[in-house]
Amino acid sequence: MTNPAPSDALVIAGKHYRSRLLTGTGKFKDLDETRLATEAAAAEIVTVAIRRVNIGQDPNAPSLLDVLPPERYTLLPNTAGCYTAEDAVRTCRLARELLDGHNLTKLEVLGDEKTLYPDVVQTLKAAEQLVADGFEVMVYTSDDPILAKRLEDIGCVAVMPLAAPIGSGLGIQNKYNLLEIIENAKVPIIVDAGVGTASDAAIAMELGCDGVLMNTAIAGARDPILMASAMRKAIEAGREAFLAGRIPRKRYASASSPVDGVIG
């Protein structure tokens, strides 16, 4: 589930992770495909929609824990489908009970069914309650830099701005807002929602995001297992490119070969 601290670890709530790709568990055709895609992604943190996925609520139905055991993965229960702070807090408390006191949670409070944009007022309210209740909150939010900082100040352990609407596959729509969030953050910034393909994930990492969470981009692909593998490589490549430092953009050419010793 967690590993000894490598030189470039993703650190969330004091735990070190080698993988910067977080994956969802919804929309797959069955639990076996969920397992195979998660393995291909090399994900260590997997999100679980408590309202939609069985992790023990129904002892007579197949459980996600059968294929993604907590001993191997960090399960990140989320509040998908919640539209009020009260509902989100109630869902988090249920998850903590089902997972034997597990405090790490992903908070999302939606504004409407059409856009699935976060309701920022309800999100702030829920975040304050959950942090006060001892939860380690990773929070889905808009790409508003002021709001992102406010959620960090409340005590959220990671801030997760959207790249585009959930499930849209549009990719990053406002990289300048993301850069502003990243540059001012003291907690991990993880892009959540809107990624469509590997290049989207790579761009997020090149900008300096600490990780990317995705579900539809993998589960909705023609070959989810292959896409999971592609996303893993994109995350790794984007992170390495960020650490390496890209060359500056210039208007005019710059010769790659030296002029010293040119004949003539």
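Just so it is clear, glycine is given a Cβ too, placed from its N, Cα and C backbone atoms.
Bear in mind that the values here come from a model prediction, so they are computed numbers and not experimental data.
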Say Swiss-Prot lists A193, G194, N215, T216 as binding 1-deoxy-D-xylulose 5-phosphate: which of G167, G238, G245 is in the same site, per that record?
G167
Cα distance (Å, whole number) from A193 (1-deoxy-D-xylulose 5-phosphate binding site) to K106 (active site, schiff-base intermediate with DXP)
13
Would you measure the largest Cα separation among G167, A193, G194, N215, T216 for the 1-deoxy-D-xylulose 5-phosphate site and round it to whole Å?
10
Can you tell me how many other Cβ atoms are located within 10 Å of the Cβ belonging to K106 (active site, schiff-base intermediate with DXP)?
26
DSSP secondary structure for K106 (active site, schiff-base intermediate with DXP), reduced to helix/strand/coil, please.
strand
To test your reading of the 1-deoxy-D-xylulose 5-phosphate site: which residues beyond G167, A193, G194, N215, T216, same chain only, put their Cβ within 8 Å of the Cβ centroid of those residues?
P165, I166, S168, G169, V195, M214, A217
Starting from each candidate's C-beta and looking 10 angstroms out, tell me which of the binding-site residues G167, G194 has the most other C-beta atoms.
G194
